[in-house]
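For reference, the structure discussed in these notes is given below.
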Amino acid sequence: MVECITPEAIFIGANKQTQVSDIHKVKKIVAFGAGKTIALWDPIEPNNKGVYATLKGHEAEVTCVRFVPDSDFMVSASEDHHVKIWKFTDYSHLQCIQTIQHYSKTIVALSALPSLISVGCADGTISIWRQNIQNDEFGLAHEFTIKKGFFYPLCLSLSKVEEKKYLLAIGGTNVNVFIASFILSDSGIEKCRVVAELEGHEDWVKSLAFRHQETPGDYLLCSGSQDRYIRLWRIRINDLIDDSEEDSKKLTLLSNKQYKFQIDDELRVGINFEALIMGHDDWISSLQWHESRLQLLAATADTSLMVWEPDETSGIWVCSLRLGEMSSKGASTATGSSGGFWSCLWFTHERMDFFLTNGKTGSWRMWATKDNIICDQRLGISGATKDVTDIAWSPSGEYLLATSLDQTTRLFAPWIYDASGRKREIATWHEFSRPQIHGYDMICVETVTDTRFVSGGDEKILRSFDLPKGVAGMLQKFVGIQFEEKSEMPDSATVPVLGLSNKAGEDDANEDDEEEEGGNKETPDITDPLSLLECPPMEDQLQRHLLWPEVEKLYGHGFEITCLDISPDQKLIASACRSNNVQNAVIRIFSTENWLEIKPALPFHSLTITRLKFSKDGKFLLSVCRDRKWALWERNMEDNTFELRFKNEKPHTRIIWDADWAPLEFGNVFVTASRDKTVKVWRHQKEPADDYVLEASIKHTKAVTAISIHDSMIREKILISVGLENGEIYLYSYTLGKFELITQLNEDITPADKITRLRWSHLKRNGKLFLGVGSSDLSTRIYSLAYE
C-alpha cells in the first residue's frame, strides 16, 4: 500500500543557550541544540530544505554543541548531566559512539581540539578528556575547580601553544578570566594549574575564543561579558614576551599589566591587555573569530551582530559591519523585538562570508557578503521553542497550522513557485506566517475555512482569526493557493503594546477599541513589504508583518481551554476546558455565523475532556476524556442542539488521549487511543442493541497519545496513523476487525518525545499523502507517503 515514507520538513527551534550551536568548517553543516535533540542543517543547500535530521540520545535540554576541529567527531552536552560523542557515518549523518556519564549536574560549557575536549559543569568542576586513538573513546585525563568563592564555568576555550602544551581560558560567575596551563604527555595531563587571572571585566564572562596570529607564538584571546564589553588579550611566548625593565615606582594599571608564567622550564608565556571594544548595548552572548582575517564577530542580547576589526591606520578596533535590529528596552516579541541573539556562527564558502545567529523565537537568521560592506539576508529556518500542542490542516490541505507552548501559532506551507511565477524543481516547506503571537501558551487550533481559524490558549476564551490580504497575496504567489473574495479581507494586523488581541490594520478601525487596548492609532503600512518578497518571509517579517487580525472572542468556559473542533459544514465550534467536576467538564457549542453560544452546554464527563471530534457528516460529536469514558452526541441539524445518544463508561482502563472517525463509506466507525497502550475500534450496530460496540483492539508497548485516520479509503481499507508517548509512529491499514501493520517509521526520522497530534492532509500531490506530526520534542514534522 505504502511504497516509501519521506520526511518533507522538520520545523524546530534552537535552544536559548550561548554555546548551543557549531558548524563543521569543511562540510558546512550546522548542528544546534533543539530541545533534547540536536538538529542538523545545511545552510548552503541550494533548495533551502532546512533541518534535515534530528539526533536523539539526550534526555533533557541540550546546552552545548561543538565539532572537534579537523575530525569527524562532534561533542554535545545536556541538562541530563551527560556528554555524548558523535561521529559522522557518512557525509551528513552522525551516530553516537560514546556517552560520558561522569557528572551529577548540568553541563554548561564545552571546548574542543583534536583528540582533546574540556567540559565545564554546574557543580564548578572543569574536566579535560583525552581521546584514545585506538577506539575513538574519550577518557578522563584531569579534573579541577577554580578556588574563587562561588564559581562555576560558563565558557571555556582551549588553545595549543606548542607541541603537547596547552592553555585553557575559563570564564564564568566571576569578573576575571582564568587561565590554566597543562602539558599533555603519554601518561596523561601534567602540571595542570591556574596560572593567571585576567582582570578588567565588571560582570560575569559569557564567551571566550582564541585566535592564532600569523607570527608563531603570538595569540589573541577575546572575552565577552555581561558588562557589555569585549576585551582582547595578547598572548606571547618566549622571545616575543616584552621583558623590558619596568619602573617599580610606576603605577601599574590594567592597561599595561603583564601576566607572566611558565608552562615548563622551556616555555614562558606573557599575557597583556590589548584592546577594549565598546559599542554593544547589552550582554555579550557569543564571539567568533574569522577563519583567516583579523576580524571578530559578536552576538549580543541587544539583537545585534557586529563585526569588529582594527583600523589600518590607528589600529583601534572599530565596527565595520552591523546586522540585526535596533532594539528598544521593554519591547516584546509581539511588537517586533527579537529578544536578543544567543549564539552566532561565521564561515566562508565560495569567497563569501556567511553570518548565522539564533534568537529568542528559536529561528535562525542568515546573511551573506562578499565585501563585508553590503550584506544580503538569506532565508533561514524557524520552529517552536517549546512543546507543539496541536496542528491543523486547512480544509484544502494546502497549509498546516501549529500551536505551541511558546505562545505562537505558525503557518507552514510548501514553496512551490518562485517570485517570477516559475515552478520550482523541488518544493520545500517553510514558515509563511505567524498568525498569532500571544501572551498565553497555545493549546489547540482548528481551521474553519482556508481563510479563518479558531485557537485556544491557556486561557478561558477562544479566539477567531481571519487571513489578511498581504498574507493571502504571498501564499498565492509562492504556494499557489487561490483565495476568493480577497477584497473583503482585512489589510493587515498589529498587536497593541498592552494588548493580547491582534487588531485589524485598516483605516476605518474602531478608534475607541484602539484606545481601550492601549494601541497606537497610526496604522503602519505593513502590506507592501510582503509584495516585495523574493522568497518565503524571514524572521523579522514573520514577527512584524504576518499576524492575522482577531475577529471574535468566544466566552463561556470557566477554566483554560483544552480542545476544540469545527463541524464539517463549518457552522459549529465545539470546545471544552480543564475540569475536575461535572459542572465544568461540559462541551460548549458556538455558532460561526453569529459567534454566540448555542445552549445548553453538554454535561456528561467528570474530568478534563481531551478530544472532541465531529463525524464526517457532522451529525455526531464524539468526546473522550480523562475520566476514561467516551460519549456520542447526536446533532439536530435544524436547530443545532445536541442530545447524548451513546456512551461507554469503561472503554479503557486509563486516560483516553485521542479519537478519530473513519470515512463515511467505511460505516459508522470511530477509533480511540489511550494511555493503557491500546487502540480500539468502535462500530455502530443496531442489533442486538442499538449501540457502538468494540470491533477490534491492538496494544502497543507505550501509551498511545495520538491517532489519525485518513479521509479516503485505500483498497477498501482505512489508513490509521498511531503516535506513542516515546515518539514512535506506526501506520496501519484496517478492515473487517483486523489491523495490518504497514510500517513503523524509522527511529531516525521520528520525534524524540511524545506525539501530541497526528493529522492527515486532505490534499494529494503527485501521488503522495501528507501526514503532519506535532511533538513535545518541540518539532512540527511533515511526512510524505508514496502509495500504490
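Using the three backbone atoms N, Cα and C, a Cβ is placed for every residue, glycine included.
Of the listed residues (Ser223, Ser433, Ser492, Ser775), Swiss-Prot tags Ser492 with phosphoserine; the rest carry no such note in the record, though that does not show they lack it. Residues 1-2, 5, 616, 654, 657-663, 665-666, 669, 671-679, 681, 750-760, 762, 769, 771, 773, 775, 777, 785, 787 of the same chain lie 6+ residues outside the repeat 'WD 12' (699-742) yet bring a C-beta within less than 8 angstroms of a C-beta in it. Residues in the repeat 'WD 12' (699-742) partition by DSSP class (helix H, G, I; strand E, B; coil) as 0 helix, 28 strand, 16 coil.
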